[in-house]
Amino acid sequence: MANKQVLVLGAGQLARMMSLAGAPLNIDISAFDVGSEQIVHPLTKNVIGHGLNNAIASADVITAEFEHIPHSVLDICEKSGKFLPTTQAIKAGGDRRIEKQLLNDSKAANAKYAIIEKRADLDAAIEFVGIPMVLKTALGGYDGKGQWRLTDAKQVDQIWKKVSAAIEATPHQAVVAEEFVPFEREVSLVGARRVNGEVAIYPLAENVHVNGVLSLSVAIDEPELQSQAATMFTAIAEQLDYVGVLAIEFFDVKGKLLVNEIAPRVHNSGHWTQQGAEVCQFENHLRAVCNLPLGSTQAIRHTAMVNILGQNRVPESVLSMPQCHIHWYGKEQRPGRKMGHINVCGHSHQEMKEILTQLASVLEPAAFPELKDRVSKL
Ligand code: ATP
Ligand code: MG
């Protein structure tokens, strides 16, 4: 195989981890920083190019690490004919209206919803969706931001103030009102699809969110759920003619999966694959977009991932714990920000749990809310 140049839209930790995974295969990554509009090296952040157009011209393939990319940039990339998965997939990931339509077109079970642009739509949504209801901005939401819960008809006026302010603040904004799903837990599926339709799907991960942000992901082995999730994965990926890694978040309601949302990219709940699967999600994304044979997605041991939120250090003793692997993102510290993660493995579930318990006992409880408690329930 020959060397490949891949341009990634977005210069965050996902581009960084793609770069680390691509190096052994001679796949070089440059990243377009959407904020500064510069082409940078994904590890050093040094400016390495001369603008987007030159970077597009010298890339073999263009892909993305997140979905909130200006459509003007996506359109230029689309014109080059080098962009994968598809700009339609990125737009679906970045706009809940398009996403919900896609789920219905793919016959993937999902929560009942209505779109709100004006006050009368809110009243109609209450009628159709019912209370309790979750309201989410169509554009720009992540980590639970841009969301409100309506749990009582008395809150309607108060909620409308917040919802209407959000709609007015951003062009083309709207709010998607969804029925509140009384789920037992949240799981997600990460998989890759190649241009010839070949797919490689990882085991499901069970996810714990704290205040809307992913805190803990544990790979699970549950064939019945896996098969439901895989069927929806394949339907959605085919509907989009998708190429690359796609992640799907689900609610598990008494053993029946409903899709919550999709992410047209490598995903935080797939970071466990770096130590827990034969080939990790970052390498498989690059293999897929470079049209190379996909690698095995088989789990090689029991693995969980703990996010490091808002902290730029953990005790050095973590490094001496067996089967613990720290991944820092090299980002500036901010409260609550995803700064890195720790993958924890074990040759058995019990061993993984023991190491997680040991880890939870040395990490600052304030920075890892609920970790101890959640680990004890695994
Ligand atoms: P992400 O960072 O995963 O992109 P996000 O901000 O896009 O998050 P969602 O995943 O849609 O938002 O919602 C965040 C969390 O809020 C979910 O993981 C889930 O815990 C909860 N949630 C979202 N929608 C619903 C719903 N309809 N019913 C119940 N809980 C919900
Ligand atoms: Mg989510």
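Note: Cβ is positioned from N, Cα and C throughout, glycine not excepted.
Caution: TrEMBL annotation is automatic and unverified by curators.
A quick note: this is a predicted structure, and the numbers were derived from the prediction, not measured.
In TrEMBL this protein carries:
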BINDING   ARG96, LYS136, 141-147, 178-181, GLU186, HIS209, 260-261  ATP binding site
DOMAIN    100-290  domain 'ATP-grasp'
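Sequence features, as recorded in TrEMBL, placed on the structure.
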| residue | record | Cβ contacts under 8 Å, 6 or more apart |
| --- | --- | --- |
| ARG96 | ATP binding site | LYS136, THR137, ALA138, LEU139, GLY141, VAL176, GLU261 |
| TYR142 | ATP binding site | HIS68 |
| LYS145 | ATP binding site | GLY212 |
| GLU178 | ATP binding site | ALA111, LYS112, TYR113, VAL129, MET133, VAL134, LEU135, LYS136 |
| VAL181 | ATP binding site | ALA111, PHE251, VAL253, LEU258, ASN260 |
Looking only at Cβ atoms, how many others are within 10 Å of the one on ASN260 (ATP binding site)?
20
Give the subset of the binding-site residues ARG96, TYR142, VAL181, ASN260 lying near ligand 1, defined as CB under 6 A from any of its atoms.
TYR142, VAL181, ASN260
